[in-house]
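Data block below; observations after.
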């Protein structure tokens, strides 16, 4: 079942079109990558989902119902531009934001307590936000985003501004949130940063959806039956079944990209190679989302 | 509603707990008390006795110059002026008054010698005393005496009375003016001080980038109204504390210094009266007025003031004050909020502040220059109808008595006015708060009004 269904959503501003007839679905309980370069329309779409703005046309369904103000309680949104009230204490700020999301004071206090223990920031509770480091502020804001345990969490450029350690902490938290049934939308232009996390993606370019679906399917569609081989010896491919796309050799060690032709299998290639050279490594070259995106964009431009 | 309430609480609590708020709230009444007590205190401190040696060659003023509390005379025996000067130099008396030989018909040649500059006050006191004595002697010479003359002198006071349907009412134009003007002044400053706070608050939310988080939880309108109402509550709190603390501070300070200053009883009385009105009063206005009459008339004046206050329709003034206070604040507050939303930082606010400031300032100036002189004239009428100026102008007019239909129309227009400005402001606000790095002009703003968001 899909938690969010976007049907033909368009949004126009005075001088440009932010979204042009975008449709896709986000399955429940997945980590969804909303990918695209800067200015593609990702933030516009997120603002429509979070009801900060409205779509000019199209429909959005949240858990099967038309999107309505009551749904806001069930969403958590971490905007790209992070910000908190600087002169407010961490604890008060979390409580305030949680209460605005409809949590009772008691519930909010209990949950804040468990989160600050998990993030080990108890001693920060009575400090003003402005006295915290950037990374700390981001942690606080992440807690504020998920404190009301929304079933849809939207993170815009989630890892920008985090150091690697905190980024991993956040990643772990995101995975454990998914374990507990939440659906997470990542919006980012740095596609490689979320590739391994995402179950599903939608690619957006110039206000249009380019591609969407499960990552595995997409990759299967776009893989090119190319394998990278590293080994020792003189590699000379003469078979018409294999095409060497690229080859380097250094001190007797070669590195080559070989494409399978004529419906041959990887095993055929391996057998062919083993007779001629010493194989150290044999890996399928899977295109990254980035490469798929670039390829797809080129296609649509030529089309 | 629950969310607006949360926002109001936050806006209120974060401001009220600020150090600057607490300091301002405590310090202002103290300063006020100091300014009120200080003049009396200074006068009583500088009131050390001055001694003047007198060399009277004319013999006209012998035993006639009576020493007073702050001015004592030491008559010198027959000496030459030079001898007198030498003697004076050796003492630490304040001055030496030289009265040459002269006739009562042509008194001149008075000289006062001092080691330092003789103060104007001393000089004037001496002149008055000499004049009075010469006049007395001239009266005697022409067969009159002081008592007869005092009987002839007339002292006229006019009591103004309003003949209205409710019967005769005592009227004191000064008190009436003060009641209205004080209310208007408070409204004026309140709108400015706290309107700007709304604007700053919005800009702060924008620059802190918290806005997007907030807007994903609450409606922009809720955020704006919560802020406006929350800050209004801060203002009212501060204001009430000022009235109460000022009263205590003045009482305490005057008790502590034991100043028998004329202003303080009147000020306390006035402050008390005004506090009862809820309007409150920066108590310095009536002191200026109460200072004018001589001390013997002081008690009478107090009674007059009491009667005049009683003659005012306190209930109506209080109600109007509250109404125009809140109405004016809401009207302007939402506009200030819209400005905050339209810009990225405070330096960009200038161009938008002008059109908001001008009606307020004009209303304020007109109140003094035209409305007070002619509270029922056409200028007063129209300015008390236009919602942008009515909170100030109508407040000035109310104590003079305004026909019910005018008051109701003006209030109705004010309500319509603030609904309208709030509508405009919320349209600008919802677009503006998510807009960064764009220099906005009026044309752009007018487009925002009709954006579909």
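Our numbering is plain: 1 for the first residue shown, then up by one each step along the chain.
Glycine residues also receive a Cβ, built from the backbone N, Cα and C atoms like all the rest.
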Stretch carrying transmembrane segment according to TrEMBL (options B:404-425, B:426-447): B:404-425
Cβ-Cβ under 8 Å with the transmembrane segment (B:379-398): same-chain residues at least 6 beyond its ends: 177, 180-181, 183-184, 187-188, 191, 316-317, 320-321, 324-325, 327-328, 331, 359-360, 362-364, 366-367, 370-372, 406-407, 409-410, 413-414, 416-418
Residue numbers, six or more beyond the limits of the transmembrane segment (B:404-425), whose CB comes under 8 Å of its CB atoms: 224-225, 320, 323-324, 327-328, 330-332, 334-335, 337-338, 341, 381, 384-388, 390-391, 394, 398, 449
Most Cβ pairs under 8 Å with the transmembrane segment (B:173-198), selected from B:21-43, B:239-259, B:312-332, B:352-372: B:312-332
